[in-house]
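First comes the structure, then the notes that go with it.
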Amino acid sequence: MTVSPFTIAVPDAEIALLRERLRATRFPDVAPNTDFARGTSGEYLRELVAYWAGEFDWREAEAGLNAIPQFVAEVDGRPVHFLHRVAADARGAILLLHGWPDTPFRYRRVLDDLTARGFDCVVPSLPGFAFTGGHALSSAATADLFQRLMTETLGYDTFVVAGGDVGTVVGSQLARRHADRVTALHLTNAEYPTGSEPDLTDEERAYAEFIQYWWATQGGYAAVQSTKPQIVGPALNDSPAGLAAWMLGLIDTGAQDHDVEGAFGGRDELLTNISIYWFTQTAATAADSYAADGWGGELARITVPTAMAIYPREAQSPRAWCERAANVVRYTAMPRGGHFAALEVPQDYAGDLIAFLDEPA
């Protein structure tokens, strides 16, 4: 299995074309006073697009991304892009898994802390996402792919898995399917109940009802992406402003007072993320990852030691529910942060992960 160094190098013509497309955006006439209530604030989107077209410096962002060692490996006949930071005196490896609508660079602000504590960090782009690209795979197939990346390609006999969002689903499948390789699992959200599980406690039932309400009121993006992703796929691939609007609608659901930039670690961090999807043309294939899993049945309980770090602007999965799904040995109600905690509050995220791994077995 070949591994080659990788450097992001977007052609000048692609940057110029992005700016041209942004300046030519046809903004719709939206109802007044709706702000983010119906998805994305039209006023904010206009402001962000103007900044993206005129002031945002992709080359500066690109240089920051390229400061992290990156590689492409061929695994099972397909390229897999990943970040790889190696500790000076490694005591183990962590596989960090991102989700939607972000990239492996979700974790770039925690790599220093993790490697300083003796952990090699491997952070792949999911199949269909960012610099891995290609068609999306199911979470089970992705788990198998990454197990081979870690063991056969990179030579780690065992490793820790950490993730959130889609990374929760893939990480959970890794722990189920490869418990002989995964020594510990750290998640920032639990897999969600359907409300049909037997013998739910009152707390769990309230949580299940909240999740169903959330899907009904905030989960429109997921309904489309898990059933008919190619309805929206061509638009995401063709309009940078439309791509931003689609992503901002989800990011806002976990933002404090609609501060979508703060929720993602800053305006330039947000636009770097959206630009990666634009330049790699992977928004449509990434969206398709929701449909790749289909509607599965009951999942086996995870036996690997598991830590849950539940942030206040995430779904508040009760410990009882988490323990149904996994062997939870650590449950932390985090003091601040949301869906993209590794970007928003990186010291908190890294601190909880390190504390979990420092606990005696």
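Glycine is no exception: its Cβ is also placed from the backbone N, Cα and C atoms.
Summarising the annotation, TrEMBL assigns active site, nucleophile to Asp165. Annotated active site, proton donor per TrEMBL: Tyr290, in sequence order. For His339, the entry in TrEMBL reads active site, proton acceptor. If you look up TrEMBL, you'll see 4-103 marked as domain 'Epoxide hydrolase N-terminal'.
What TrEMBL annotates, mapped onto the structure for a quick look.
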residue: Asp165; record: active site, nucleophile; CB count, 10 Å: 21
residue: Tyr290; record: active site, proton donor; CB count, 10 Å: 20
residue: His339; record: active site, proton acceptor; CB count, 10 Å: 24
Message = Please count the residues of the domain 'Epoxide hydrolase N-terminal' (4-103) that DSSP assigns to helix (H, G, I), strand (E, B) and coil.
response = 34 helix, 22 strand, 44 coil
Query = Where does Tyr290 (active site, proton donor) sit by DSSP, helix, strand or coil?
reply = helix
Alpha-carbon distance [the residue listed as 'active site, nucleophile'; Tyr290 (active site, proton donor)] in Å = 11
Query = Could you give the Cα-Cα distance between the residue listed as 'active site, nucleophile' and His339 (active site, proton acceptor), in whole Å?
reply = 8
Task = Compute the average pLDDT of the predicted model within the domain 'Epoxide hydrolase N-terminal' (4-103).
result = 96
